[in-house]
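Participant: Provided herewith is a single structure, encoded as structure tokens, for subsequent inquiry.
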């Protein structure tokens, strides 16, 4: 670098950096391209040096000249000439939509073809033809640059950056990961020509995936008809999907409208060197056309070829200018025009004999003249036929080209351009017997041949032309008209068929999309079924885990049985205590009632409310807060119809003394009617303040109290002023079961169910089983706070009694109100409706319902806290009985309705660890009330809780485990709908099928070779599976549902058979060449201790290059079909190597990132390499090219691809 002075950086591309420098020796400007080869091995560096040496020896006016190359600081520097005119890409952008002239396009294209021919003739591939690599000099000469560099950089990451930066020039075989060949350069050449004609890329798409699909389909917008048919036809040939159908660069240069421009850009000596390099016999006889003054084209430049080919030594006749006169030219011209090369020597012999015989005798001359006339006549007939055939062939090619431009691939018939090519190959020189002269020489002299034909008709053939040619002309004209009409009809029918095919193709696309969606949906359903089946079965292959699971199941069953037995024992004990306390309370009430009746009889003149207040227990509270009549309360909950019956049964059990006092009570009621009316009004006003919508019914009840009393008298029952007395006095038998709040009924709600007439049912139990409206749940907790703490001391003895039953967990926070306060706390009101609602569909424990309640509970400030005090003087006894009654209700529901094993199932992820540690907390009395921390911990949405409650397994254990034997949880409905609407059933799960139609053999290789344990695979892919199976991020982990399960028996047998097949028949998967490459790569890996690059990226051996060569006639160098058949094997093998070298997680991350960028229409694909290199790091940066090829090939084979 000391010989050059850096001026500025002018670009960066596949090669690395390009720097403009100035030479200190000659002062000229050069471009130095810096290539980083530090990552290459020594062998690859040697190969790179040889390649650069070959490139430096190429000298051609249309190729950027290499001056020298050297290495410094781990980089390869290539010095080449500087083109001041910029590149063709900038020139196209400078047009700003104005199309180029066809002559300008063809001039540039011919120069590009000449440069590419120079490269291809030396069996070197360019591999990076694009408008940015085609440069313009000051005088407008086109020079091709950067050729061969992609071959040098075959194993570096820069090649991958090239593919990302300029994906518009990729050929279908590259997208399909097939070997690169010379026809891939032809495809890129067609892309450049299309860009010159339209100023746009032939294949454009919003993302890489769609671009690859467009390239594979081979459909491109048609070129403007402003350009000639020859140019459009050439373009369609360059864009053939099959590489063997594309012409070679030599065939392109043989076309007439291309060949006539060669002379403008190459000197005669260069033309001779370039075109004689391949076949010397082609251009040996070509000085003949050079003498014609009318041609003015480059064919006359073949005269200097005498010095190189030495035609005198070959043909025995010196080729000089004076040897060929105008007369001989006239004789030699028509045969090549008539395509009768084999008759040229015969004509020549006939003319020599004619001259000899004319000098000898006139008779012989006349006979020869007659023979010559006959031959000329036949030649003319053949010429006319040839013209007609050529016209028909041209029309046919034009129709094919139109169909090709419209994108219909099925219209083409076999051998599209073979006939034309063959006809031109049949042309040879006048002296040479070779049938391989260039097509361009014949077509260029059509005008000269016609002029000579006219001169011959006027001078030498006037006699026989008038007789014979005149006789054939009318018939010939009629034939032409008929052929033209037939061609027009055929063209119309052809266009009609094309329209029908277009319509049928559109219908076929719709059918295909429907079938593809069905296939994807079927695959998705099958995977879900297999996943559910695998998750639900025991793991046969893993004996230890199976045994542990069985032991855990047995332990859970035993634990549940013991819990159930304990629950039943507790329920029995509590029932016995409840019965005993009920009897004691009943006896106490009986005695109190008798004393009360005696006192009322003795002091009948004393007002009844005062007597009741003296015996009521809590006068101060009754003075402050109004008394709620039990009639009004029971009517509100729908018990007004059954109240009388219940009262009858309770009164019959109370005492026979009650019936004997009925008359006395009736007289007392009549005497105290005025006082009762006054008192009733006060109670009525108090009730209206609390429950506003009951005013009218209360008022009617109080006004019609006398008639109501009569109704009770007619029934033969005890008549008691229930509306005027307190709750404990009027209904002492049921005071043990009364809940301490007013039940407010929604006026618009559905009517309540009628309770059965069972004398053993308590009010508390009925209220607990009743289906309450929302108003009963919306009580304000703060309104009861003082009452709860005020009464807390009254229940301490009861808690002491229950401690021997171990019904209170030590770990529960004492600040939370325990079960003894539930008799007047609104939390019990929350439990009851939830419990009844939960039992409608599926029985569950009370703890689950309490945890779900706060998400739907709202406070209602409309209910004042003055309704709490309905306690009687027998407060402690009533509270004890109510507590026991509630416990009995809960325990009976647990025993009767709950499924064994449902203990703590739905809330196992939400429970406090302290509660889980208690062996009996699962069935505790306090299960209906959780500590405050548990209520704060509930952050899940209601839908998620419902899904968890529905899909919880009965065998689920209490502690949280990472592995679960429960059936799988169904995916969220929303995520399923999204998957159905988008069709992406298998896009995000790496364990699913990668494409719709191809098996993922990488999993098979991974199973046979990597053999990771099931647990390891699960831990590695846990995060990915969680993202798929659990759409709600705040929800609990679904890791137990995504355990990588062992396959069932059928899948194991399939894997075993495929493993045996792979071991016994390795030759079936790869061809011999591929096997040798794999073996050699394995040897290199063993020697170096690292994974060598894939064989397609290793330029060190010729057999390992992912290249092949296609000639014009593919018979001579036909590539083995095994290479195409094993494309899938290449892909899966490449996938396997990448997973082994990088690790599955990193490989999958990079793969998905590249795929996402390719599919994102808004993403700039040029930044893909930077992002991916940051993920890969320096260690795996060289693998980017392989990952890119894999992504592109997967996208190519994923959709419909016929070839």
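Yeah, the Cβs are placed from backbone N, Cα and C, and that goes for glycine too.
Swiss-Prot lists these features:
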ACT_SITE  128  active site, proton acceptor
BINDING   10, 11, 12, 13, 14, 15, 16, 17, 18, 33  ATP binding site
COMPBIAS  674-683  compositional bias 'Basic and acidic residues'
DOMAIN    4-258  domain 'Protein kinase'
MOD_RES   156  phosphothreonine
MOD_RES   162  phosphothreonine
MOD_RES   417  phosphoserine
MOD_RES   437  phosphoserine
MOD_RES   615  phosphothreonine
MOD_RES   618  phosphoserine
MOD_RES   750  phosphoserine
MOD_RES   786  phosphoserine
MOD_RES   820  phosphoserine
MOD_RES   832  phosphoserine
MOD_RES   997  phosphoserine
MOD_RES   1071  phosphoserine
REGION    329-357  region 'Disordered'
REGION    643-662  region 'Disordered'
REGION    674-708  region 'Disordered'
REGION    814-866  region 'Disordered'
REGION    888-925  region 'Disordered'
REGION    1021-1045  region 'Disordered'
REGION    1063-1120  region 'Disordered'
Participant: Compile a sequence-ordered list of residues in the same chain as residue 10 (ATP binding site), six or more apart from it, whose Cβ lies below 8 A from its Cβ; state 'none' when nothing qualifies.
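Facilitator: For residue 10 (ATP binding site), the qualifying residues are 18, 19, 20, 31.
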Participant: For residue 12 (ATP binding site), which residues of its chain lie six or more apart in sequence with Cβ-Cβ distance below 8 Å?
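Facilitator: In sequence order, the residues whose Cβ lies under 8 Å from that of residue 12 (ATP binding site) (at least 6 apart) are 18.
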Participant: From the Cα of residue 16 (ATP binding site) across to the Cα of the residue listed as 'active site, proton acceptor', what is the distance in angstrom?
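Facilitator: The separation of the Cα atoms works out to 14 Å.
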Participant: Which of the three DSSP states, helix, strand or coil, fits residue 18 (ATP binding site)?
Facilitator: strand
Participant: Looking at the domain 'Protein kinase' (4-258) alone, can you tell me the average pLDDT?
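Facilitator: Over the domain 'Protein kinase' (4-258), the predicted model scores a mean pLDDT of 85.
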Participant: Within 10 Å of each Cβ, count the other Cβ atoms and name the one among the binding-site residues 16, 18 with the highest count.
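Facilitator: That would be 16, with the most Cβ atoms nearby.
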Participant: Where does the residue listed as 'active site, proton acceptor' sit by DSSP, helix, strand or coil?
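Facilitator: Looking at the DSSP assignment, the residue listed as 'active site, proton acceptor' belongs to neither helix nor strand, so coil.
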Participant: What count of other C-beta atoms do you get within 10 angstroms of the C-beta of residue 128 (active site, proton acceptor), across all chains shown?
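Facilitator: Summing over all protein chains shown, residue 128 (active site, proton acceptor) has 25 other Cβ atoms within 10 Å.
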